[in-house]
Amino acid sequence: MGLSEKNATVHDVQPEEHHSSTLDDNEGYNEPPREQSLHRGLKARQISMIALGGAVGTGLIIGSGTALRRGGPLGLLLGYAFVGFVCYLVMVALGEMAAFLPHKKGFAGYATRFVDPALGFALGWNYLLKYLIVTPNNINAAGVVVQYWTQSVHIAIWMGKIFVVNLLGVRVFGELEFWFSSIKIVALIGLLLMGIIIDLGGNPHHDRIGFRYWKAPNGPMGKYLLDQVHDSSLSIFLGFWATLTNALFAYIGTELIGVTVGEAENPRRNIPIAIRRTFYRILVFYVGGVFVIGLIVPSTNDSLFVATKSKTGAAASPFVVATTLVGIRVLNHVINGAILIFVMSAANSDLYIGSRTLYGLAIEGKAPSIFKRVNSLGVPYPALLLCTAFCSLVFLNVHTSGAKVFGWFVNLVSTFGALTWMTIAYSHIHFMRALKAQGKSRDDLPYKAPFQPWGSWFALISTGIITLFKGFDTFLPWNVANFITSYIAVPIFFVLWLGYKLIFKTRVILPKDVDIVTGLRAIDEEEEQYLEYEKAKGPQGRFGKIWDAL
């Protein structure tokens with residue numbers, strides 16, 4: 001059954017009268033007018049790479065050192081594998097909604113439309129706050145990386161670079177991000193191969209490491225806060241639990257595919273492709289990466305990056321520590337150069353997503369209307385300027401070490417990101433209920449998420465538990481700054497949700513009243529025009545097919 005046939009039954013049904021908790025009419029569900037609209041210029045290969053560029057960054061390349069210290073090699077592997085599975089469940093849930101309704105309002109629009117406008121408001125601003133923080137976090141990480149070579153490079157240079165790239169429009173941004181992320185993939189594969197070779201004895205010491213670091217006194221499990229809890233078994237469990245928080249931070253950002261749908265070419269085809277590739281990305285780069293790290297670096301090594309240290313640098317990356325331990329010196333500079341590309345690519349994507357999130361809120365009437373403005377290239381420049389201004393948060397490291405600021409940002413970002421995952425899963429649960437209540441089969445959707453409906457419930461509950469207990473170590477001993485940064489996002493989210501609900505008197509939309517019709521016809525027409533344009537270009541050559549497959 002073709003896509004147009006799948007949607008024919010939807011279009012033949014007139015939208016039912018909606019509950020008063022929704023918008024007054026369906027105009028708020030339509031796409032913005034052309035002069036206020038983003039341009040669909042992102043190709044499938046660029047969307048996949050942007051998702052990789054935004055997700056693979058400091059959490060894996062630098063932050064995994066903290067997780068290794070606390071959880072040991074086995075705890076690190078189990079923690080990243082578990083959170084990776086949760087991440088995949090969130091992604092497929094988002095992919096099902098995004099392929100069905102690839103609108104330009106981000107996934108906050110799905111919460112508004114399928115659950116409650118108040119939830120959409122809270123999610124949108126929660127996600128914006130996350131990107132207002134994570135962008136300077138990655139710029140801060142870039143400053144930490146450059147310190148490996150010199151102290152004289154001003155951090156404002158990185159801010160200017162990512163602003164200019166984003167200002168040039170989605171096509172330039174998409175192409176640059178594609179190549180940056182391509183370098184990241186090559187570098188990651190190189191690092192994984194290097195780690196395996198080092199482990200098998202291909203190093204200057206000709207020392208075959210094997211699983212040596214998985215044995216006492218290094219592994220397989222780490223002992224965290226042993227001096228505080230005075231119980232070896234509890235210390236091992238706390239070490240494993242600490243890896244879940246680090247893993248959550250590492251995976252946060254994968255969901256940004258839900259924001260790119262507004263600028264994706266042929267989104268009903270390209271979004272599912274990007275979602276399916278997420279599984280292999282998680283398995284190879286994240287799970288494979290931490291497995292290799294656990295083989296070549298002892299968890300007891302003092303050089304590993306720990307956010308409470310006052311002095312550190314890019315040399316604290318587990319990969320750089322590994323080369324230092326076996327006496328490989330020149331390669332350190334190459335690895336640090338790759339890490340710099342990693343974090344700057346992530347910062348570039350972060351600024352893009354932050355500006356698009358603010359634009360989506362403005363389109364829905366949940367942010368000042370000035371942020372609806374776009375230039376001739378389709379760039380929401382007022383939103384971009386505001387998000388760039390928040391990058392000045394990076395100057396917090398003037399009075400505090402870059403490592404400590406990194407730790408604060410990790411706490412904030414992981415909580416904001418966890419709330420986003422939970423809301424996406426909850427929105428998907430309501431979406432499935434709405435389809436069932438209105439007699440629509442999920443088999444007819446452009447993309448059907450696997451492991452449902454229990455998958456979204458599992459992701460929602462698991463992420464909630466991790467978030468609730470993520471700041472346990474702030475009590476051992478008591479640390480005010482870490483406690484605030486670990487949990488402040490939760491009351492902010494509920495204040496946003498409750499405030500909007502009380503002011504606008506919204507209620508949760510009943511499944512039978514959810515609007516699953518408005519806007520679909522416009523998206524179908526846009527897709528048909530794109531397919532006709534592609535058909536007019538003629539058949540692709542062999543090189544073009546290979547390029548698109550990549």
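Note: Cβ is positioned from N, Cα and C throughout, glycine not excepted.
Here the structure is a predicted model, which means the values were calculated and not measured.
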Q.
Quick test of your reading of TrEMBL: among 107-128, 305-326, where does it put transmembrane segment?
A. 107-128
Q: May I ask for the residues of the chain that lie six or more residues beyond the transmembrane segment (278-297) and have a Cβ under 8 Å from a Cβ within it?
A: 51-52, 55-56, 60, 64-65, 67-68, 72-74, 76-77, 80-81, 84, 87-88, 91, 188, 191-192, 195-196, 198-199, 209-211, 213-214, 219, 247, 250-251, 254, 257, 304, 318-319, 321-322, 325-326
Q. Which bits of the chain, at least 6 residues beyond where the transmembrane segment (74-95) starts or stops, bring a Cβ under 8 A of a Cβ in it?
A. 64, 67-68, 107, 214, 219-222, 236, 239-240, 243-244, 246-248, 250-251, 254-255, 257-258, 271-272, 274-275, 278-279, 282-283, 286-287, 290-291, 293-294, 299, 421, 424-425, 428, 447, 449-452, 455-456, 458-459, 462-463, 466
Q) For the transmembrane segment (107-128), which stretch among 176-198, 234-257, 481-500 has the most Cβ pairs under 8 A? A) 481-500
Q: Would you mind listing the long-range same-chain contacts of the transmembrane segment (408-429), meaning Cβ under 8 Å and 6+ residues beyond its ends?
A: 59, 63, 86-87, 89-90, 93-94, 96-97, 107, 110-111, 114-115, 119, 122-123, 126-127, 129-130, 133-134, 136-137, 140, 245-246, 248-249, 252-253, 255, 258, 307, 396, 449, 452-453, 456-457, 459-460, 463-464, 466-467, 470-471, 481-482, 485-490, 493
